[in-house]
Amino acid sequence: MEPAELEHALCGSLFSTQTPSWSSFGGPEHQEMSFLEQGDSTSWPSPAMTTSAEISLGEQRTKVSRWKSQEDVEERELPGLEGGPQSRAAAESTGLEATFPKATPLAQATPLSAVGTPTTERDSLPADCTASASSSSTDDLDQGIEFSAPAAWGDELGLVEERPAQCPSPQVPVLRLGWDDELRKPGAQVYMHFMQEHTCYDAMATSSKLVIFDTMLQIKKAFFALVANGVRAAPLWDSKKQSFVGMLTITDFILVLHRYYRSPLVQIYEIEEHKIETWREIYLQGCFKPLVSISPSDSLFEAVYTLIKNRIHRLPVLDPVSGAVLHILTHKRLLKFLHIFQRTLLPRPSFLYRTIQDLGIGTFRDLAVVLETAPILTALDIFVDRRVSALPVINEAGQVVGLYSRFDVIHLAAQQTYNHLDISVGEALRRRTLCLEGVLSCQPHETLGEVIDRIAREQVHRLVLVDETQHLLGVVSLSDILQALVLSPAGIDALGA
């Protein structure tokens, strides 16, 4: 079947004709969360054996005027996709919201300024909430891998004989840190308190659409469907067990390519005919981990902690009674929610006027990068080994010339070029038919407030930190910012755990 026919068949038989949208505030990410190895949820309701589902929570209600701007700027998963879900106002009063208490254990985290000495175990949590926040070791590639990939998983099956060496990270100057001093100033905990006082329900969309795959679907068709619908992940429905058993994400596609492309025993075109169920059985071999999720009544503070601590990009919000997926929270959505109130209602702490160089927010050492002349296969190796979701592409002089992300990899399926992973990353970027988020940069002298505004406005997952000559200095991600604004004032370092 020709690609065009396949795409038409997918859209006609698997999905509704409405332009789909995937709510992602804050992915990458991310981004990305593949729950292929996560356990069953037998209590979840059946989607009536359909491959797409539209979940609406509550009726459309009149929103207060200050939220009109959010409807105008509501992000889409990809530029150009219209019809994104509307955001639910935090001030919206409904009967359902009244049933969700906002005083949760993690929401009572003590601000750093309230104690005499900074805690040594910076990511320690109350005992009654530690289990919910860290019940799964499911990790994501960058702040959002779906499941952990053992370091020697290719070697143990004799599928990968040798891996190309990773591109060395450029040497960068050590930035002066002034963040600890800022945390002790008056008003430094304003964003922490805001996220503690609002629940996940407040940040949920009033209506959102989820694309659902049956585990009997062929892998190739599933990945084509991700591209056709502009989404990065889809829940998996097992018709035999009558339950959701995980999620399929872009990371799974990367792992398929990474595992079998150089295999002398299996051809890649044979793998694409496998069903999702077969891939799960081969790769996971029965090793399932519990689904990382959150309740609508949990605070946004807990959502931020869970995303960063577990290094995932997508956090399902599950109905506490039925177990149905109500929404998917992401780094982007959480930051957008906070940013809207920051601009209009919340006071601006003094640290927003400090420069990135002063505060040291971001990653500046041991950066994962790829040369523009390196083959795509090298980028896949780095994605898996370094667990990152995007790679700054640099030339021989160390200047940033592009950004290659995990979502770029899925377009290999759309272009049917996944049998040609020896082409260079630079060539792959030039062949890219869809304009993705691209490279947005910032410089050390820019303030934290300017960086947050740019990320929220451009709806990207990260900014590349460069000097005046476009040489790479570091990366400022959504996780870095949410950690600094929300968790650090409580003495919690989820990134460093």
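Heads up, the Cβ atoms here are built off N, Cα and C, so glycines get one too.
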From V292, V304, V321, the one annotated by Swiss-Prot with M247, L248, T249, I250, T251, D252, H313, R314 for AMP 1: V292
Matching residue for the ATP 1 site, where Swiss-Prot names M247, L248, T249, I250, T251, D252, V292, H313, R314 - out of R232, R333, R343: R232
Which of H327, H411, H461 belongs with H313, T363, A368, S389, A390, S477, L478, S479, D480 in the AMP 3 site listed by Swiss-Prot: H461
Contact call for the domain 'CBS 1' (204-265) against the domain 'CBS 3' (363-423), three or more Cβ pairs under 8 Å: yes
ADP 1 binding residues M247, L248, T249, I250, T251, D252, V292, H313, R314: largest Cα-Cα distance, in Å and rounded to whole number: 18
Cα proximity to F407 (ADP 2 binding site), best match among binding-site residues M247, T249, V292, R314: T249
Pairwise Cα distance for T251 (ADP 1 binding site)/H461 (ADP 2 binding site) [Å, integer]: 16
Between R314 (ADP 1 binding site) and H461 (ADP 2 binding site): CA-CA distance (Å): 13
Sparsest-packed among the binding-site residues, when each Cβ's other Cβ atoms within 10 Å are tallied, from T251, S405: S405
Assigned conformation of R432 (ADP 2 binding site) - DSSP reduced to three states: coil
